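Peer 1: So TrEMBL has the following annotated:
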- GLY17, ASP79, ASP80: Ca(2+) 1 binding site (BINDING)
- ASP39: Ca(2+) 2 binding site (BINDING)
- HIS368, HIS373, HIS522, ILE645: Fe cation binding site (BINDING)
- 2-118: domain 'PLAT' (DOMAIN)
- 118-645: domain 'Lipoxygenase' (DOMAIN)
- TRP103: site 'Essential for stabilizing binding to COTL1' (SITE)
Amino acid sequence: MPSYTVTVATGSQWFAGTDDYIYLSLVGSAGCSEKHLLDKPFYNDFERGAVDSYDVTVDEELGEIQLVKIEKRKYWLHDDWYLKYITLKTPCGDYIEFPCYRWITGEGEIVLRDGRAKLACDDQIHILKQHRRKELETRQKQYRWMEWNPGFPLSIDAKCHKDLPRDIQFDSEKGMDFVLNYSRAMENLFINRFMHMFQSSWSDFADFEKIFVKISNTISERVMNHWQEDLMFGYQFLNGCNPVLIQRCTKLPEKLPVSTEMVECSLERQLTLEQEVEQGNIFIVDFELLDGINANKTDPCTLQFLAAPICLLYKNLANKIVPIAIQLNQIPGDENPIFLPSDAKYDWLLAKIWVRSSDFHVHQTITHLLRTHLVSEVFGIALYRQLPAVHPIFKLLVAHVRFTIAINTKAREQLICEYGLFDKAIKARGMDSTEDIPYYFYRDDGLLVWEAIKTFTAEVVGIYYKSDQVVVEDQELQDFVKDVYVYGMRGKKTSGFPKSVKTREKLSEYLTVVIFTASAQHAAVNFGQYDWCSWIPNAPPTMRAPPPTAKGVVTIEQIVDMLPDRGRSCWHLGAVWALSQFQENELFLGTYPEEHFTEKPVKEAMARFRKNLDTIVSVIAERNKNKKLPYYYLSPDRIPNSVAI
């Protein structure tokens, strides 16, 4: 009688093993086997991290194996099981791989196909078409869109983490509990003693050092020592944790009535301000989208204030970016003066602090939350709803949405205030010239990583899509793209996302956007938060007095009183520390330990991708040698695969 050797791999995460009864059935082109209990005498099967093998004998030839059915039945208590993969050695000596990488919960069943990626058009056998369809029908019931708040991209229909499908929950929910992580941060940073001191102001800038005692970080120390300098202020728009707002100024806005006479002492080329604009030496950061936002929603017990500044910057003869004019609100007038480097020291310092506070708010809400977390969640939901596990695009992208839906659900549950600003987009910024702006490392490193991802996605697309027509006719792919656009992006053309993808080149570009957003872009705007925001005066999360309406009246005492109180400063420090930490067992860009693909051409493409990324790591490391402010956020060995924190 024919005999098969079945090898079963159990996950290594906590609680992955099971004591339940596990049954296996084989479905072949010539027939189906009976259920076989996988059990070895006097042996503890399916322990965490185990790889167990069993001999399965069948009554008659099954033909080509098409499906493997795994069924779990309760032994004593409900016991979830994480199945990594099954391999099958056939009677004629062939090996077939069946990737799973899923949880089987309760008394459940999973039906697996072999690991070869297939488009829908590749499936001609009825049972395989049926399996494909049933998988998506089941997933679409589990992964439902929901409007969390008006104006947001749609999110997963789950009120809390435990409501999520088991396959996308964290392995250990406690590990990503924000409250627990902040408590741990307070202990690690030795700032618990200040946490109860809400409403209690610091006495001066040096007083902030009391919560800055545990630092082994050269960037945050440098920020503390140089934050008042114009060079440090300007540098952060290029390489801080929000390097996406600065744009070249092509015309001075009427709402900022600045003249050559006002900024003459800052201009180094003996040109008028208008001539400097024409030569491309003037840059602008406009926080217009903060205009009219009510700042007192998160904590009604403390008065909080927002500004909507416009900041004009100048590229000096050393090619460094420095601020030359700041207006703290949008409408010019006598009570909205333009602050200048030539003003009194504390007038100019306070104007810069207001800009840094506004930058912090836009960074957290738009750059970080909206444009990486929420957008990546959209990709994840649409992926599970529209692409079966056998689809090559599912296999390619699943690593890049790992834990994203879970982290966002935890954030909605514990962290994010229900009010915010999400209805405006950031436009093209004219920041592409490496000659004009040579120190824009976010751009330089980002382009290297982008091209590496694009090369990789193009290779994968080329393996499975032999022509543009195959792309057009892949209905599952088109449904995925449409789901992202219609539900995730609310059908808004301004989102920049298409309703459909019609060529292999456009598909590669689309996949590059998904992967880059979830990995590199998130890394660039997330993991520098402790570096740049831990020194509170450099990134105030709240301001406790309104912006000044006149010059010459600001004192250092007023500035310190405007900054966050002791309790909120500690909360902020703990938050940026926790958000800047990598996860335990972090998976970095280019690593795919879950082998959803089994075909050699894709594995070879992955190896080339990793080699390209290793080259980029070396280039960035060489560039950073001896730099006082190294830029490493986009070094691939520091870019996690997905948005998971």
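Cβ coordinates come from backbone N, Cα and C, glycine included.
Please treat TrEMBL annotations as automatic predictions, because they have not gone through curation.
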Peer 1: So if I draw a 10 Å sphere around the Cβ of HIS368 (Fe cation binding site), how many other Cβ atoms end up inside it?
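Peer 2: Excluding its own Cβ, the number within 10 Å is 22.
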Peer 1: Apart from HIS368, HIS373, HIS522, ILE645, which residues in this chain have a Cβ no more than 8 Å from the mean position of the Cβ atoms of those residues at the Fe cation site?
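Peer 2: What remains near the Cβ centre is LEU369, THR372, SER376, ILE407, VAL525, ASN526, LEU579, VAL643.
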Peer 1: GLY17 (Ca(2+) 1 binding site) to TRP103 (site 'Essential for stabilizing binding to COTL1'): how many Å between their Cα atoms?
Peer 2: 10
Peer 1: Compared by Cα position, which of the recorded positions ASP39, TRP103, HIS522 is the closest one to ASP80 (Ca(2+) 1 binding site)?
Peer 2: TRP103
Peer 1: DSSP helix, strand and coil counts for the domain 'PLAT' (2-118)?
Peer 2: 0 helix, 59 strand, 58 coil
Peer 1: Do me a favour and check the Cα-Cα span between ASP39 (Ca(2+) 2 binding site) and HIS373 (Fe cation binding site); whole Å is fine.
Peer 2: 43
Peer 1: Quick check on the binding-site residues ASP80, HIS522, ILE645: which one has the highest count of other Cβ atoms within 10 Å of its Cβ?
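Peer 2: Result for the most crowded candidate: HIS522.
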Peer 1: Test of understanding: give the count of other CB atoms lying within 10 angstroms of the CB of TRP103 (site 'Essential for stabilizing binding to COTL1').
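Peer 2: I get 21 for this one.
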Peer 1: Using all protein chains shown, find which of the binding-site residues ASP39, ASP79 scores highest when you count other CB atoms within 10 A of its CB.
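Peer 2: Answer by Cβ density within 10 Å: ASP79.
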Peer 1: Enter the number of other CB atoms within 10 angstroms of the CB of GLY17 (Ca(2+) 1 binding site).
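Peer 2: Excluding its own Cβ, the number within 10 Å is 21.
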Peer 1: Which residues, in sequence order, are found in the same chain with Cβ within 8 Å of the centroid defined by the Cβ atoms of GLY17, ASP79, ASP80 at the Ca(2+) 1 site, excluding those residues themselves?
Peer 2: PHE15, ALA16, THR18, ASP19, ASP20, PHE46, TRP81, TYR82
Peer 1: Which of the binding-site residues HIS368, HIS522, ILE645 has its Cα nearest to the Cα of TRP103 (site 'Essential for stabilizing binding to COTL1')?
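Peer 2: For TRP103 (site 'Essential for stabilizing binding to COTL1'), the closest Cα among HIS368, HIS522, ILE645 is found at ILE645.
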Peer 1: How many Å lie between the Cα of HIS522 (Fe cation binding site) and the Cα of ASP79 (Ca(2+) 1 binding site)?
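Peer 2: The Cα atom of HIS522 (Fe cation binding site) is 35 Å away from the Cα atom of ASP79 (Ca(2+) 1 binding site).
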